Amino acid sequence: MTISDIGSQASTTTSSKATAKADALKTPAHRSETDARFEEDARDLHRILPASRKVYIEGSRPDIQVPMREITLDPTPIQGVPESEWEQNPPFYVYDTSGVYTDPNTTIDLTKGLPKLREEWIKERGDTEQLSGLSSDYGQARARDISTANLRFAHIDKPRRAKAVDGKVGNVTQMHYARRGIITPEMEYIAIRETQKQHELTDMRQHEGETFGAHTPAIITPEFVRSEVAAGRAIIPNNINHPESEPMIIGRNFLVKINANIGNSALGSSIDEEVSKMTWATRWGADNIMDLSTGNHIHETREWLIRNSPVPIGTVPIYQALEKVDGVAEDLTWEIFRDTLIEQAEQGVDYFTIHAGVLLRYVPLTANRLTGIVSRGGSIMAQWCLAHHKESFLYTHFEDICEIMKQYDVAFSLGDGLRPGCLQDANDEAQFGELRTLGELTQVAWKHDVQVMIEGPGHVAMNRIKENMDLQLETCADAPFYTLGPLTTDIAPGYDHITSAIGAAMIGWFGTAMLCYVTPKEHLGLPNKKDVKDGIITYKIAAHAADLAKGHPGAQARDNALSKARFEFRWDDQFNLALDPDTAREFHDETLPKDAHKSAHFCSMCGPKFCSMKITQNVRDYAAGLKTLADTKNSVSPQSGALNDAEHLIKKVDTQLVEQVGSASAEEIHQGMAEMTEKYHKEGRQLYKEV
């Protein structure tokens, strides 16, 4: 089945149980049961997480509707009080990247794409024009190619471009507006989104963080967003030809973001699968998507992704340019690359990774490395430089690239083509020489009001990570840093989502603005749906840990809410407040599957007799009883019935405590240990058992 078949199957009006079936997803016959479950789940584009609903916060105008996920919480049980009088817990609001796929009031049709959220904002500024058609040679040729007609996205709008001003190229970047004091709807949207209704939360307590020079106000305002973009400390990646995208911001004074890589290769994957990966990734919290396709139909794949993506899409244009010269790096030219930039900008790519810092003089510095040049883009440009013995056209034509990007508001992601591929190669002169060049290029881009972020490593031991962050801030004048990990050890293939998340949490704390996720398949193979989810959840943990360490305003509120639910044995709320409710619930139900256990005052770790939190609650009740007794003695006569009631309450609680922490508990502990010893010998004295 081809992508053209999706339309009849995916066009549906959403309901709470609706599913938009993109049945063109390919599922290998040999897949495991777990893989099959994840593939099936990924087809259901509309499934929202438990106890959640999509809500919108309106801005200063009716068309600024900022999406959030509202999590409904159960009331707090109060012993001896009717359920109708239990303490009510307000709903909790979290940042939501899933787009309208989880909106029950939206019709999803993948063949038509998402609603054009930003279209009117772009038009009303009056500084863009709609072209008569595609202006890139390759785009025009592709449109005439009948062999790809069945793969083509059917509803392609004519692209927009900045109007010329006084005979010069126009500029429509968010940085251009910000530097002129203009607060755009995108900036207001972001301010609401970043604040996450935190002022309405009940428990905003948190520890003071270590910011390493970052400065974030208690409430994010549109003016603060504007000032950060104007200074170059943050970027808003929003191409005018991707009006479907929901505005977001990348900068160290905002929430740490994560990026998910997808893309086909010559070895496999289809357009259908890439669209499915994108919707799956954004459902679990990917803030950005990079399409790293290198296989067939790169142009068509990208069109489908952009038209259906609620988050910014980034690419590495040199990959497609290389395909146009049949993979021969030496045959690349500025003209081919320029045409590729225009082609992708007119499709709506929000940011380009461009390895303009790979200079001829840096290439020999990699000769003594253990793993040489590991960046695909870096190796392509290094080979070109050596073949022609001159600086790459990415470097010599950098200002020409800026002229293109400011007409569409495409942001730079200046690539680290000489990043280290192992711990041994970290922080060498090749890596840091390129970083200093990226700092110089940042100033050139800012001269054109083009937004910039800087890519970073890689593989770096923990004790050497901060040196990377400090040098980046110094040489790149606080431009946002965007890193792959870094991996903190090289000995754990299959677990590199963990080795890299350790480094990601650290460098995020030190000031990195966006973390590129790593899946368990890193260095081993192409990730499936489960790998994508595992990578995203792992990196959401790292990003959140960094926000906590920085003391980002409101960052700890979700931790407080979940901890309160845990202490009060509100099991469903614990699951629903988690980053991955499905897995939390699944693990709990493996040992305590009954519905009654969802309200039990214990878990399978300690059991009903030895739950530390239940004992603590009893201690609190005991203390409260003592206070009630003391207060009653001080306020009523000895003959009062209230005094008898208070004494009865304290005796009851006292008895409960003795049962749990006194001699009875000790006897039960010894009896339980004896029973488990007997069971251990009876079952063959095996440390581990097959399950």
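Placed from the backbone N, Cα and C atoms, the Cβ positions cover glycine too.
Here the structure is a predicted model, which means the values were calculated and not measured.
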* Correct range for region 'Disordered' (source Swiss-Prot, candidates 1-38, 77-114, 191-228) -> 1-38
* Asked: Same substrate site as N261, M290, Y319, H355, S375, R376, G377, D416, G417, L418, R419, E455 according to Swiss-Prot: which of Y395, Y482, Y495?
  -> Y482
* Asked: Counting other CB atoms within 10 A of each CB, which of the binding-site residues R419, H459, H523 comes out lowest?
  -> H523
* Could you check which of these binding-site residues, S375, G377, R419, sit within 10 Å of H459 (Zn(2+) binding site), going Cα to Cα? => R419
* Look up G417 (substrate binding site) in the DSSP assignment and report helix, strand or coil. => coil
* Asked: Just counting, how many other CB atoms are there within 10 A of the CB of G377 (substrate binding site)?
  -> 23
* Asked: How many Å separate the Cα atoms of Y482 (substrate binding site) and H523 (Zn(2+) binding site)?
  -> 20
* Structure fact -> Listed in sequence order, the residues of the same chain lying six or more positions from Y319 (substrate binding site) whose CB sits under 8 Å from its CB are L292, S293, T294, I298, R376, G377
* To do: Quick one: among the binding-site residues N261, S375, G417, Y482, which has the most Cβ atoms sitting within 10 Å of its own Cβ?
  => G417
* Between the Cα atoms of R419 (substrate binding site) and H523 (Zn(2+) binding site), find the distance and write it as a whole number of Å. => 15
